[in-house]
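First the structure, in the form of structure tokens, and then the observations on it.
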Amino acid sequence: MLRQQVSPVDDPVLFLQLAFSSTFFAGLFQASLGILRLGFIIDFLSKATLIGFMGGAAIIVSLQQLKGLLGITHFTKHMSVVPVLSSVFQHTNEWSWQTIVMGVCFLLFLLSTRHLSMKKPKLFWVSAGAPLLSVIVSTLLVFVFRAERHGISVIGKLPEGLNPPSWNMLQFHGSHLALVAKTGLVTGIVSLTEGIAVGRTFAALKNYHVDGNKEMIAIGLMNVVGSATSCYVTTGAFSRSAVNNNAGAKTAVSNIVMSVTVMVTLLFLMPLFEYTPNVVLGAIIVTAVIGLIDLPAACHIWKIDKFDFLVMLCAFFGVIFLSVQNGLAIAVGLSLFKILMQVTRPKMVIMGNIPGTDIYRDLHHYKEAQRIPGFLVLSIESPVNFANSNYLTERTSRWIEECEEEEAQEKHSSLQFLILEMSAVSGVDTNGVSFFKELKKTTAKKDIELVFVNPLSEVVEKLQRADEQKEFMRPEFLFLTVAEAVASLSLKGPSLSNV
């Protein structure tokens, strides 16, 4: 985003200033979301979304390691699967058999220790110590045999010391302020989404709870502090989190230990990593992320909910073929679409009596349930509001007509009562009130009495305030149960004496 206006080559100082300033704005925005208690946003990351994201990210991160595992020098910077595989097979001349042999050996070693730790949890330390042992052994092998001269890529010389403070480089004025604010906002949203998605992923694996507000504040403060210490926008990295999880870390203390270790390493131990082969680092990451592909969970989602399975596939293929951000966006968009469909198309069923009892259940789910002649019993199982009132009106009108036709064909008494079971109607708005008023007018024209069963107090209060003429909220048409309503109304209706 910054490169659109400033070149890091032509004006590196200004570019750094804008990068640090954008990081500050990103952190400020993220922390503000947490302070304003907007953590509920992460609830839109459903389990199906996380499983798809987790699998897709694991594959993408693993494919990225092919650069080190194959010894490729020229490798794409894109994260989607097509550019990565294209880069791999377009540079087959750069493949190094020495690198491949070393990579396969250490990958098998790491996978074996991981499998051993899973089979025997008491030996968790074997899997935890395997990556460090791999780094030490591979570095010694490269140093002793001078393997870097035989096609094995090494880290090489790294600069020592810590980055200097950068608070004096933050810019809050000038012609680039709008660019800095926009970049901070967009990258802040992206990094926050990815960080929380990673957090929710590992929370699901380890069965603990993630507080969205605390996550937002923590990531935001991290970026605010980072902007003053020569850091750009960052978040909870998927690959490093996977390595940390694979090592057996249980609490955030592992981050403190890791930070201190990195600081000591930067200050004093950098020369020791000059001969560390990149292939071993790739093998460590592949081992860590490969266990995050949860095929049993995917099969379980397929059996339970096909739409959730579609959401999971969208997250999976979106991450693989597009990007992490686009994959998450598509999956969240489909989840929101599902919610909107449930809101605008609420469940409404016809109820019938189970013979010999006072129980009324859905006619389509209970074959033994029977409809009572002269009565149409409907159960509304959602709030009634502007999003679904028209749908409920059409559905109710159609059922009334079908019921009247059925009564006429079977030569029963005509339909006299429409009973609405409303125990699941948690609320109504202005459109909901209008729905009940219009329904009362429709039934009155057909000489059908509208009856309410077990409406909640909030719903009753709103309907009473709207019923100025006392037309439909009369006590004689309010009941606690459907059985009570049918029994009472059967006595009132002369033509229903045979019921």
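Here the Cβ of each residue, glycine as well, is placed from N, Cα and C on the backbone.
The domain 'STAS' annotation in TrEMBL covers 365-489.
Feature annotation from TrEMBL assigns transmembrane segment to 12-36 (among others).
Outside the transmembrane segment (48-75), and at least 6 residues removed from its termini, the chain residues within Cβ reach (under 8 Å) are 81, 84-85, 87-88, 91, 94-96, 98-100, 103, 107, 151-153, 197, 200-201, 204, 238-239, 242, 277-279, 281-283, 285-286, 289-290, 292-294, 297-298, 301, 305, 308-309, 311-320, 324, 327-328, 331-332, 335. The feature transmembrane segment is assigned by TrEMBL to 48-75 (among others).
Marked as transmembrane segment by TrEMBL: 95-111 (among others).
The annotation transmembrane segment is assigned in TrEMBL to 123-145 (among others).
Remote same-chain partners of the transmembrane segment (216-239), defined as residues 6 or more beyond its termini with a Cβ less than 8 Å from a stretch Cβ, comprise 19-24, 26-35, 38-39, 57, 61, 163-167, 170, 184, 187-188, 191-192, 194-196, 198-199, 285, 288-289. The transmembrane segment annotation in TrEMBL covers 216-239 (among others).
Among residues of the same chain six or more beyond the transmembrane segment (251-273), those with a C-beta under 8 A of the stretch's C-beta atoms are 139, 155, 157-162, 244. The annotation transmembrane segment is assigned in TrEMBL to 251-273 (among others).
Per TrEMBL, transmembrane segment is recorded for 279-302 (among others). Outside the transmembrane segment (279-302) by six or more residues, the chain places 47-48, 51, 54-55, 57-59, 61-62, 65-69, 71, 99, 102-103, 106-107, 110-111, 114, 131, 134-135, 138, 152-153, 201, 205, 238-239, 242-243, 245-246, 308-309, 312 with a CB less than 8 A from a CB of the stretch.
The annotation transmembrane segment is assigned in TrEMBL to 309-337 (among others). Outside the transmembrane segment (309-337) by six or more residues, the chain places 44-46, 48-53, 55-57, 59-60, 79-82, 190, 193-194, 197, 298, 301-302 with a CB less than 8 A from a CB of the stretch.
Remark: secondary structure over the domain 'STAS' (365-489) totals 59 helix, 21 strand, 45 coil, with classes taken from DSSP.
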